[in-house]
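Features reported for this protein in Swiss-Prot:
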| type | residues | note |
| --- | --- | --- |
| DOMAIN | 4-184 | domain 'UmuC' |
| BINDING | 8, 102 | Mg(2+) binding site |
| SITE | 13 | site 'Substrate discrimination' |
| ACT_SITE | 103 | active site |
């Protein structure tokens, strides 16, 4: 039986900044640029009380909380702290799959310190993170990645949730389907139309029926309903593509997606820089409200030189794909491919 830990730092970017400005800890703070089309990179917990959240356009955020405090992001600082945290992980296992600067899966089926349980490993990691960085982390411990990720969010912030193998079916019985990765507003609406509210409800539905309604994702839903996730924790390796996508709570017209394009482009470019890689290809992806997928890509003889160039290529791809302005979209994504090491001698890891 595998033992998986999902570590998720609590409001990471905001928490790093608030270490240096403790007088702001009780105030609504967001990490964002002052660009007119900027979106929130992170929101402190007091800011979340107002409904502020990551990826929210700043215009909307200011309406919800006129007195919010904006701090410009400092990714060099966040990478440095991430590296500290990654060093802690490596003291316990070498099987680490970073998802972002503040989130990772760890396979501790066998841990390096011979601690008696995965729970003990998670407790020690969280304690070390606090002692060395003054930041809190939430952790989920479970037999697979799907459950570990859900568990890490269960007692946030600064929480620990453990799902033991014999507790899996009881845990997922009343688990709302909206908690499942990949279940956005549209999928949730379709599930509700079928009178399906929890994973327990899904357990009574045949796999073929779910596939009929949800395509390939129906098979994944069926497995999740049985508490099954065969995915392994993937230790870092050279990636063939770096991409990010987001599913909207409500379908948007194309012109309403502009701030999200900028946010995704910045995240993808930042990930490229973190990996010390360069890219010669750009791709985009959109899914409309009818689940029709549009994709377009373009490659070049030389590597992209800047974030601005990346954004310019994205704008060109959007023009070439000839989308209808009266259509609405539920998902957008951007990516970089044809990756190779950059000219820099030093190879940085994501953490």
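Even glycines carry a Cβ here, placed using N, Cα and C.
Note that this is a predicted model, so its numbers are computed, not measured.
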Averaged over the domain 'UmuC' (4-184), what pLDDT does the predicted model reach?
93
Near the Cβ of residue 8 (Mg(2+) binding site), how many other Cβ atoms are there if near means within 10 Å?
22
By the count of other Cβ atoms within 10 Å, pick out the sparsest of the recorded positions 102, 103.
103
In whole Å, how far is residue 8 (Mg(2+) binding site) from residue 103 (active site) when you measure between their Cα atoms?
5
Under a criterion of Cβ-Cβ distance under 8 Å and sequence separation of at least 6, what residues of the same chain contact residue 13 (site 'Substrate discrimination')?
31, 41, 42, 73, 78, 102
